[in-house]
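Novice: Provided herewith is a single structure, encoded as structure tokens, for subsequent inquiry.
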Amino acid sequence: MDFIVAIFALFVISSFTITSTNAVEASTLLDIGNLSRSSFPRGFIFGAGSSAYQFEGAVNEGGRGPSIWDTFTHKYPEKIRDGSNADITVDQYHRYKEDVGIMKDQNMDSYRFSISWPRILPKGKLSGGINHEGIKYYNNLINELLANGIQPFVTLFHWDLPQVLEDEYGGFLNSGVINDFRDYTDLCFKEFGDRVRYWSTLNEPWVFSNSGYALGTNAPGRCSASNVAKPGDSGTGPYIVTHNQILAHAEAVHVYKTKYQAYQKGKIGITLVSNWLMPLDDNSIPDIKAAERSLDFQFGLFMEQLTTGDYSKSMRRIVKNRLPKFSKFESSLVNGSFDFIGINYYSSSYISNAPSHGNAKPSYSTNPMTNISFEKHGIPLGPRAASIWIYVYPYMFIQEDFEIFCYILKINITILQFSITENGMNEFNDATLPVEEALLNTYRIDYYYRHLYYIRSAIRAGSNVKGFYAWSFLDCNEWFAGFTVRFGLNFVD
């Protein structure tokens, strides 16, 4: 397998200007000047990301146990667009030194990757035994990164729950997962924390809850529909899973702060995904409230808990007794349980009000009472990438829009530390294209350039953005999309 450097000249060149591109409609083209490393504050981190399931491969090697994604892709290949799995994917387990060499050549400051829970604890629990071969692999990866001047940014859970815990008690549907996650993260802090300065407990917990338990499109594939992998309840399951995820996060943060942070000197946070959700009709009060409601049910679903210790009032009003409750102790544990927030931002959408249907079966997907669209008056909000959910819209980081976003969520943007932990666009994986043509990355360069330009603007306006991680470092397995799309900065044949 050959890795071919496709782009991310942003890491290595001094400056450049884009004044035109085929990626954006002519009417939206802007000459937005030069960007270089010196355009950003000293110490600003540039990196790229990955996850264990999507990159490592070697699913049956080195003592690793199966994850829910292994089961999902093997048992229900029809749920994956091309019927593929990540048994091999880009084989980082065996090729990590080569990968780190590419990172060094591209002048990356940091590499964001996740640890595979079932590679460390194949039985899911400490009592089931520690896989020291898995510990050795991550030690080797971390040491190789540091030897090449690259800072590891470690995610502790990127959706690959040990299958044994799903079988034993239903995984994140059961509060038993909280203590097991705490023990797993404690082990990671102990083994790797002397060299890891940035920890993220969970990656996109909203996607894990929504896609895995409301829509059934992701592992473990539970929802109310009849054509899914496992039966579930789309009206209660996602809320239970969300509740247990946030408590697991808070327990992990508590362990780190009380046992390790004082002498390891690292920081710990969580990585959340959000679109910039705009009212379809700027003059419609119902649409404006719908956009705020939609934000409450996505980014705010977790951010509200992290900053207040409870769910938002709008969620309590709509979901009622289907929404779990925190005890006073749990609320105090959750409130403020982060040093930083990672934001994964890809795109935006228009939101309009959708009155509830009284007789409809409750579902997380319909609870916000909104409709989502990507165009207004027949005009798309931006060019579309390969995935139907990515329309190029970098303007969330314009000062006014970003301040509105933070105001709605009651976030002080000058105090809260956060990084853009994922940002990117994909293209279709067209095997008929010559490599030379596949490497023409005008669209992707333009996408990153514009987002970085507006992120710089947000920083200059007072936002405390500390870093930027492109998604993804390499083309890789993209969950239910399999290998049908490419997000990578680097082309993989």
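Any Cβ shown, glycine's included, is placed from N, Cα and C.
Below are the features listed in Swiss-Prot for this protein:
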SIGNAL    1-18  signal peptide
CARBOHYD  Asn34  N-linked glycosylation site
BINDING   Gln54, His158, Asn203, Glu204, Tyr346, Glu422, Trp471, Glu478, Trp479, Phe487  beta-D-glucoside binding site
ACT_SITE  Glu204  active site, proton donor
CARBOHYD  Asn335  N-linked glycosylation site
CARBOHYD  Asn371  N-linked glycosylation site
CARBOHYD  Asn412  N-linked glycosylation site
ACT_SITE  Glu422  active site, nucleophile
Novice: By CA distance, which of the recorded positions (Asn34, Tyr346, Glu422, Trp471) lies nearest to Asn371 (N-linked glycosylation site)?
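Specialist: Checked the recorded positions Asn34, Tyr346, Glu422, Trp471; minimum Cα distance to Asn371 (N-linked glycosylation site) goes to Tyr346.
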Novice: Near Trp471 (beta-D-glucoside binding site) in space, meaning Cα within 10 angstroms, which of the recorded positions do we find among Asn34, Glu204, Asn335, Glu422?
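Specialist: So the list reads Glu422.
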Novice: How big is the gap, in Å, between the Cα of Tyr346 (beta-D-glucoside binding site) and that of Glu422 (active site, nucleophile), rounded to a whole number?
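Specialist: Computed Cα spacing between Tyr346 (beta-D-glucoside binding site) and Glu422 (active site, nucleophile) is 8 Å.
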Novice: Could you check what DSSP calls Gln54 (beta-D-glucoside binding site) once collapsed to helix, strand or coil?
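Specialist: The three-state answer is helix.
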Novice: If you draw a 10 Å sphere around the Cβ of Asn335 (N-linked glycosylation site), how many other Cβ atoms fall inside it, taking every protein chain shown into account?
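Specialist: Counting Cβ neighbours of Asn335 (N-linked glycosylation site) within 10 Å gives 15.
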Novice: Widest Cα span across the beta-D-glucoside binders Gln54, His158, Asn203, Glu204, Tyr346, Glu422, Trp471, Glu478, Trp479, Phe487, in Å?
Specialist: 18
Novice: On a simple 10 Å Cβ count over all chains shown, which one of the recorded positions Gln54, Asn371 is most densely packed?
Specialist: Gln54
Novice: Using the structure shown, find which entry in Asn34, Asn203 (the recorded positions) has the sparsest Cβ neighbourhood within 10 Å.
Specialist: Asn34
